[in-house]
Amino acid sequence: MPQLGLLPRRTWAALLSQLLRPPHSACIPAVGCHSQGTRDLSPEQMVVREKILDMVVSCFKRHGAKGLDTPAFELKETLTEKYEENSGLIYDLKDQGGELLSLRYDLTVPFARYLAMNKLKKMKRYQVGKVWRRESPTIVQGRYREFCQCDFDIAGQFDPMIPDAECLKIICEILSGLQLGDFLIKVNDRRIVDGMFAVCGVPESKFRAICASMDKLDKMSWRDVRHEMVAKKGLSPEVADRIGEYAQCHGGISLIEQMFQDPRLSQNKQALEGLGDLKLLFEYLTLFGIAEKICFDLSLARGLDYYTGVIYEAVLLQTPTQIGEEPLNVGSVAAGGRYDELVAMFDPKGHKVPCVGLSIGVERIFSIVEQRMKTSFKKVRTTETQVFVATPQKNFLRERLKLIAELWNAGIKAEMLYKNDPKLLTQLHYCENTGIPLVVIIGEQEQKEGVIKLRSVASRKEVAIKRENLVAEIQKRLSES
């Protein structure tokens, strides 16, 4: 497998031009125009987005993860064999000198490839990056064709369910920290799903197709999913009805015990293994103090084909709404599971590296926070400027430049107007409008006395500070605020 970093220069150039080309090459869109399913983010939106990402990444780091980045595109064969039912959603790039490439669909498959290529047997990693899917976008639900994913994964051979429990703990920490409202994490196991299909009479050749249908239960009614299974996937109505009986079961540890006694499911070895691991998982979740946030749900399937064991999906129980705000149905806000076979698919010798991971649905979370912003009328600061350098008099540009350089050199975030002789009122209004907390003022009188005036924008109080003490005084005030 050729390394993507070693592609010929002409291939790189052609790919880059294709990535940057407008989506509809027949027409050149106007500036600011973009295809459906993508969007520009304003400075106000970026502030909120960065706060969300900072909170997510700080949680990943708190749990010992290392950062990783992978290319935006992969060899087409790397991707198409791994998603099967979803492979039609992959964005293919044009053939460039014999290289068939596609934009990455998620961050999990590139991570598995990275582990195999570098012969790594153990790694705890996080990654934040854009992924692309050719599906019908539902903007109101925070669904896009180009979107950001935040992933955390633990690769390596460890004792059962310890890393899996930590992944669920991380989801709880992030969703609690973001204060999105009450949430629930549904868990199941692919071995239980496959065992359930087997005992219900689903032919093994249809397991993945029926699993993909069942994965739609969070968006469609059982009646519609059943119709798809029977009319489109060729399942007999009796088999679909048996699946429906199981799919309506959800609960806690007592349901796991109940399924151990189920006359059909208890006869399936795969299902029993999955139930045994889930029982152990719930023990660890109780020790972590999060068992009440977890629900064993037999309808959960997770449509991606690479899952092999425990799977989970976090949903908001209700989106908090304020007056005049429409409730948002955003679906799952985090999901993941165990994929023990994926790395072996990239390894020439087929060496396995067990993995478990999670993905935070930041775009959906962002759509909730964004709607809150619109209804709260809360002003968002789009810069972090701490100090503004002003003057009340003409011919002080050079003094302002010397002063602002002094502040920058001290690590202070500072701004000034790009005018020779701005009016003082214009400068003060700029600070009030942009939320800059402090203003330093230099003029003839201050220069003569060897001082600088330091003004609080909020209180409008001014004090004279000796020039040599200015930086220390600003740093003291900023540390107190």
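Residue numbers in this text run from 1 along the chain shown.
Cβ from N, Cα, C; glycine included.
So that you can see what the record holds, here are the features copied from TrEMBL:
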type    : residues                                                               : note
BINDING : Asp106, Leu107, Thr108, Arg133, Gln149, Asp153, Arg302, Tyr306, Tyr307 : L-histidine binding site
DOMAIN  : 36-392                                                                 : domain 'Aminoacyl-transfer RNA synthetases class-II family profile'
Near Asp106 (L-histidine binding site), how many other Cβ atoms are within 10 Å of its Cβ?
20
Fewest other C-beta atoms within 10 angstroms of its own C-beta: which of the binding-site residues Thr108, Gln149, Arg302, Tyr307 fits that?
Gln149
So the record assigns Asp106, Leu107, Thr108, Arg133, Gln149, Asp153, Arg302, Tyr306, Tyr307 to L-histidine. If I measure every Cα pair among those residues, what is the longest distance in angstrom, as a whole number?
21
If you average the pLDDT over the domain 'Aminoacyl-transfer RNA synthetases class-II family profile' (36-392), what number do you get?
89
